[in-house]
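Single-structure report; data block below.
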Amino acid sequence: MATLGTPRIGPRRELKTALESYWSGKSDESALLEAAAGLRAANWARQKSLGVTVIPSNDFTFYDHVLDTSVMVGAIPDIYGWKSGPVPLATYFAMARGAQGGNDDAACAHGHQGDGHAHGAPAQEMTKWFDTNYHYMVPEFTSGQRFQLSSLKAIDEYREAKALGYQTRPVLLGPVTYLKLGKSKDANLDPLSLLPDLLPVYIDVLKRLAAEGAEWVQIDEPCLVLDLDDATRKVLRAAYEQLADALPKLKVMLTTYFGGLGDNLDAALSLPVTGLHIDLARAPDQLEAVAAKAPHDLILSLGVIDGRNIWRANLPALLDRLEPVVSERGADRVQIAPSCSLLHVPIDVSLETDLDAELKSWLAFSVQKMGELATLGEALAKGRASVADALKASADAAAARKASPKVHDAKVEGRIAAVTSDMARRKSAFAERAKLQRERFGLPPFPTTTIGSFPQTAEVRKARSAHAKGTLSDTDYEKFLQEETARTIRWQEDIGLDVLVHGEFERNDMVQYFGEQLSGFAFTRHGWVQSYGSRCVRPPVLFGDVSRPRPMTVGWWKYAQSLTAKPMKGMLTGPVTILNWSFVRDDVPRSLACRQIALAIRDEVSDLEQAGATMIQIDEAALREGLPLRRSEWKTYLDWAVECFRLCASGVADATQIHTHMCYSEFNDIIDAIASMDADVISIETSRSKMELLDAFKTYKYPNEIGPGVYDIHSPRVPAVDEMTGLLKLARERLSDRQIWINPDCGLKTRKWEEVRPALVNMVEAAKLMR
């Protein structure tokens with residue numbers, strides 16, 4: 001029974017506390033190192049006590065394991081001032097957060113991190129780890145790149161575990177995946193061409209681990225589940241042959257996860273390694289092909305426990321699949337494991353004392369998943385009778401969940417069956433709608449607006465916390481929120497914004513706010529998962545059929561619109577984003593769960609329109625994040641994702657204007673899907689890329705209206721008027737004046753008022769100059 005990695009944050013987010021104390025200067029480096037050592041020791045002890053027999057080391061990180069790899073191999077850009085020798089913690093955190101004033105460089109309202117460019121050295125770019133909600137720091141390579149061993153972390157942590165009595169299997173990110181995750185600063189440099197210079201550092205690390213007594217090493221090459229060309233497969237083969245030649249006695253467990261090997265199976269099986277790990281949660285169908293083709297002396301690690309979702313496994317059903325493989329290959333040739341590292345799930349469901357008892361009995365967090373592994377291992381080694389009670393409990397939980405009325409709602413199933421294609425189409429084409437909307441609103445050219453949220457100040461957070469604790473009454477809390485909203489609306493009018501928002505002070509999180517008001521969702525108290533560094537998220541649990549018992553935003557919209565004669569946007573989170581940022585039920589297709597959410601949001605859109613809303617924004621911040629890893633699967637996903645957006649947005653009159661917002665750095669390759677969403681206005685993040693995102697529109701004639709962001713909200717810097725007009729002139733080269741709206745990149749929730757005020761004043765001034 002092996003684990004590939006465990007959550008780093010601690011059951012009570014102890015890592016977050018220690019990091020933020022260190023960053024703010026309240027504690028020193030030794031206190032941070034001591035806290036980290038305590039978390040590692042607790043992790044190893046927990047795994048041992050739960051019956052895990054193959055325990056990893058070097059799976060802990062202060063910020064991100066890809067950044068740890070960059071530091072290990074000395075891939076540190078010159079801007080951070082490091083030349084050689086061990087990399088100081090200050091340099092490490094400068095790469096992670098930017099130097100001098102990294103605290104200012106917040107995530108946006110949708111949790112996407114800034115790039116620290118405000119002042120000092122910028123942070124490295126950050127992006128999603130494959131198709132998960134974890135983020136990694138993107139390695140940067142230049143021509144003439146040199147690598148050198150500059151961190152002994154992997155060796156130190158192996159030694160640390162050994163001193164505590166644990167024989168561990170150290171984890172390294174594989175050299176080929178590491179290079180593929182990186183970015184070259186030189187357009188002509190293929191990162192894979194750097195492999196001959198990189199491998200000697202890996203060999204040095206592996207030799208040091210072997211000298212310390214490591215018999216096994218886990219090397220992660222998740223790139224093997226991607227679309228690879230023959231050249232990459234060749235590079236993989238060359239890399240592992242070189243490692244095997246240098247260390248013939250070291251046993252390597254090559255791990256793949258987040259998908260099936262597919263057409264890379266032969267390439268993976270040809271590598272000179274001792275073991276191969278496959279993901280059987282994401283790609284259960286690959287078991288037969290791998291088992292049939294794998295050489296008999298290859299140890300197979302079968303990732304049967306889902307490392308990315310929180311549902312309890314049906315252990316007897318898993319044993320039905322595992323037993324034939326074990327009897328065919330022999331128990332010593334099979335390991336069982338989670339599908340991937342457990343960093344993607346919370347730590348311990350037993351901490352959830354407020355959760356519905358029936359729902360709780362269906363869940364397994366990291367601790368429970370290790371317990372499931374131990375049960376499977378025992379059953380395979382000694383027979384099912386040895387763990388009969390645990391197997392019965394598992395089967396009973398699966399049966400109870402399947403039959404529970406909490407999961408199934410006949411009304412929702414009836415509505416889904418009644419959905420027609422007309423429900424996902426606006427009444428008229430955009431050209432006709434646009435004419436009606438222009439007549440209705442009479443907006444000037446280059447209309448100005450914001451994305452939705454305004455700064456959530458310390459006072460707002462304090463009031464929310466007091467209300468949650470019961471020390472601030474419902475009446476007083478509502479009065480406070482009304483005052484904040486009214487003040488924000490007055491200020492928007494004063495500076496001359498054309499289309500207003502209410503500021504979203506009543507909302508804690510753009511997904512949680514809606515999930516808490518929809519049936520079929522539940523929320524944990526301690527279900528934290530690392531997003532990056534000290535930032536943790538608590539995804540909602542989507543456990544059953546979704547419906548909307550009552551209006552969710554109409555009351556606040558009506559109050560806000562009553563304070564102004566200008567258009568006030570209704571603000572909603574879209575179904576695809578709610579789905580992609582939740583732990584999703586695994587008993588129905590994701591597309592069906594999304595369609596249910598879309599119908600609930602459609603009801604809200606309809607109620608907002610009936611209440612008088614003339615503009616309704618439906619944010620799809622995470623539409624792109626749901627793209628499958630293999631391009632051949634993109635179309636299926638985009639078809640249902642776009643259909644779900646249209647289903648929630650298309651029940652309105654032609655004169656009602658539907659807005660959507662997307663924040664990410666790349667959509668040229670899905671421009672057709674974005675156009676087919678048919679939103680009247682789409683706002684996007686473009687300021688940091690200097691409008692490069694709009695290159696897609698040079699050849700693609702996008703018909704609808706678009707708000708390219710002119711103010712980078714990830715940075716505290718206030719952009720000047722001429723900077724914004726410069727960006728708008730670039731936009732004008734690709735779009736007609738009539739199409740362009742003017743707005744920031746994203747919501748303003750994480751910024752300070754003293755930054756937002758001058759920036760938006762400048763934005764309005766830029767609009768006037770463009771007119």
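Cβ atoms are placed via backbone N, Cα and C, with glycine included.
These numbers come from a predicted model, not from an experiment.
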(request) With His661, Cys663, Cys746 listed by Swiss-Prot as binding Zn(2+), identify the candidate in Glu685, Glu723, Glu765 belonging to that site. (result) Glu685
(message) The L-methionine site in Swiss-Prot lists Ile451, Gly452, Ser453, Asp619. Which one of Glu493, Glu504, Glu666 belongs there according to the record?
(response) Glu504
(message) Among Trp82, Trp491, Trp581, which residue shares the 5-methyltetrahydropteroyltri-L-glutamate site with Arg13, Glu14, Leu15, Lys16, Lys128, Arg535, Cys536, Glu625 according to Swiss-Prot?
(response) Trp581
(request) Could you say whether, by DSSP, Lys128 (5-methyltetrahydropteroyltri-L-glutamate binding site) belongs to a helix, a strand or a coil region? (result) strand
(request) Could you say whether, by DSSP, Cys663 (Zn(2+) binding site) belongs to a helix, a strand or a coil region? (result) coil
(message) Give me the count of other Cβ atoms within 10 A of the Cβ belonging to Asp619 (L-homocysteine binding site).
(response) 27
(message) Just to verify a number: CA distance, Glu685 (Zn(2+) binding site) to Gly452 (L-homocysteine binding site), in angstrom, no decimals.
(response) 14
(message) If you compare CA-to-CA distances from Ser453 (L-homocysteine binding site) to each of the binding-site residues Arg13, Lys128, Glu625, His661, Cys746, which comes out shortest?
(response) Cys746
(request) State which of the following binding-site residues has the fewest other Cβ atoms within 10 Å around its Cβ: Glu504, Glu625, Glu685. (result) Glu625
(request) Output the one of Leu15, Ile451, Cys536, Cys663, Cys746 that, of all these binding-site residues, has the highest number of other Cβ atoms within 10 Å of its Cβ. (result) Cys746
(request) Filter the recorded positions Arg13, Glu625, His714 down to those whose C-alpha lies within 10 angstroms of the C-alpha of His661 (Zn(2+) binding site); answer none if the list is empty. (result) none
(request) Could you measure between His714 (active site, proton donor) and Cys663 (Zn(2+) binding site) for me? Cα positions, answer in whole angstrom. (result) 11
(request) Taking Cα atoms as reference points, rank the binding-site residues Lys128, Cys663, Cys746 by distance from Gly452 (L-homocysteine binding site) and give the first. (result) Cys746
